[in-house]
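As structure tokens, the structure follows; a few thoughts come after it.
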Amino acid sequence: MDSHQSNNSIEDIFDSSLNLEETHFKEGYDEGYNHGLNTGKEEARQVGLKTGFETGEELGFYKGCVDVWNSVIRVDPTRLSSRVQKGIKQMEELIEKYPAMDPEDESVQEIIEALRLKFRVLRAALGMKLDYDGYPKPKDIEF
Amino acid sequence: MEFFDDGDYELREIQKLEGHTDRVWCLSWNPKTGINGVPPIIASCSGDKTIRIWEQSGPSQSWRCKAVLEETHARTVRSCAWSLCGKFLATGSFDATTAIWENVGGDYECVSTLEGHENEVKSVSWNECGNMLATCSRDKSVWIWEVLPGNEFECVTVLQGHTQDVKMVQWHPRMDIVFSCSYDNTIKVWWSEDAESENWECCQTIGESNNGHSSTVWALSFNVEGDKMVSCSDDLTLKIWEANTLRMESGDGYAPWSHICTLSGYHDRTIFSVHWSREGIIASGAADDAIRLFVESKDDSIDGPSYKMLLKKEKAHDMDVNSVQWNPVDHHLLASGSDDGTIKIWELASTSTEMPEASTESTESTASTEKKALQKLGMTTLI
């Protein structure tokens, strides 16, 4: 009968006012979500560029050092001890191994730290006073 | 192995060595001195950035400062150790370097400087053969160095594994195994099939779950046989460990260290230093300014060896005792270094023996021995 239909339409009218809170909530959520998507993407791009630059700079620095040291070995194979030469070779391999195209690869931190350590050992062995200024230094705290 | 009866011993102050202008962190007896007519020599290092070499000589047999090694380290010198041949002294400093000193015609010269640690070097240790050196630092790593001809030092490997400041590193007295203890509450054992290769790895970590310490482990020391080890900690206990080193020495692979005893209830402040004498007496230096001596207990216990406190020397110093070291030749002589900037030479003696002749040179020791004699007789001192 008609009364059933009119009951529905009455409910519909009330429905939209009852669901006002829900509607507005959803509207707000969608707005925020989309805004987040866009600003997040932009921020990620900035962070990616920055980290990429820093990583590239550091890796390039180590590669440069390795190339110079390899030249030394070519010019005078006896100049550097076998232990030092082995260390240079290992550094070369680590640079090669670094997943430059895959930042999500878990070994990135491990490899960069191994490189930093190898560099410190070689720097000390060669008596060099060279510091890589690129990465942040820990604060000086004395206990 | 000598067993000691209860309560019959005392630590007599032979002399107080003054000169350092800041706290004394570490001491090391030169192992090739004090015998064959060579006067005993001890090295001390301090917050005043210097190392002092002391020698006992002259008709009065008193200790004198023979040399001050300065203008080399830029910061506190935290650790010093003579190589077993007695020719070289390694010193580790807060300036992140380790210096190697050689006695060249009576003068001590810095013949090499080892760089590499990122920050404060906390401890240095030579291996038995004297061809390798271990250093550790607040940077959480342990570095192994090889001595090459011409006083050249090369880094063999960098051992990482500790998660905090490494307080002390020590080679086993007989084998090329390195032990390190840390602010991370663990003791780590490092070993390589070929000591000169870089294939070192951590073959054991002694932590709380293996009956290990529950706070910073400050020091460790081995008994003369090398089959037992004692460690001291901020958790106020000393722990004794043992391993089947005979099996290890015969090349049968690594034998792990296991806990045999915990000495608790004897210290109520952090224990900074522990040293096992060649006669089996364990000396400890703590933050309560006292020195304590422990020995294996004669009472046969079914659960294995037990240890008891032989004596407690209260107010051994005016401040924290940072280092205690037994003389490797004269087994009853003990040296201690403190935050109060002084070093004291002690003699362990049975209370029933005669008081030694007071030395004419140092008024300090004369006063203290007389004071003790008077106190013994029940007389009050007039001072």
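Don't overthink the numbers, they just go from 1 along the chain as shown.
Even glycines carry a Cβ here, placed using N, Cα and C.
Taking Cβ pairs closer than 8 Å, the repeat 'WD' (B:17-55) reaches residues 63-70, 73-82, 84-87, 89, 91, 93, 101, 108, 319, 322-330, 333, 335-345 in its own chain, all 6 or more past its ends. Taken from TrEMBL, the feature repeat 'WD' applies to B:17-55 (among others).
Taken from TrEMBL, the feature repeat 'WD' applies to B:70-102 (among others). Per-class residue totals from DSSP over the repeat 'WD' (B:70-102), listed helix then strand then coil: 0 helix, 17 strand, 16 coil.
Under the heading repeat 'WD', TrEMBL lists B:114-147 (among others). If one looks beyond the repeat 'WD' (B:114-147) by at least 6 residues along the same chain, the residues whose Cβ comes under 8 Å of a Cβ in the stretch are 75-76, 78-85, 88, 90-94, 96-100, 153-160, 162-176, 178, 180, 182, 188, 190, 195-196, 200.
Summarising the annotation, TrEMBL assigns repeat 'WD' to B:159-190 (among others). Tertiary neighbourhood of the repeat 'WD' (B:159-190): same-chain residues 122-129, 132, 134-138, 140-144, 200-208, 212-222, 224, 226, 229, 231, 233, 235, 245, 248-249, 257, selected by CB-CB distance under 8 Å and a gap of 6+ residues from either end.
Mean predicted confidence for the repeat 'WD' (B:210-245): the pLDDT average there is 96. The repeat 'WD' annotation in TrEMBL covers B:210-245 (among others).
Below 8 angstroms of C-beta separation, residues 8-18, 20-29, 31, 33-35, 40, 42, 44, 46, 48, 54, 63, 272-279, 281, 283-291, 293, 369, 372-373 of the same chain, each at least six residues beyond the ends of the repeat 'WD' (B:314-356), sit close to that stretch. Residues or ranges marked as repeat 'WD' in TrEMBL: B:314-356 (among others).
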Contact set, same chain, for the repeat 'WD' (B:70-102): CB under 8 Å, 6 or more residues outside the stretch: 22, 25-33, 43-47, 49-51, 108-115, 117-126, 128-130, 133, 135, 137, 151, 153
Residue counts (helix, strand, coil, in that order) that DSSP gives for the repeat 'WD' (B:210-245): 2 helix, 17 strand, 17 coil
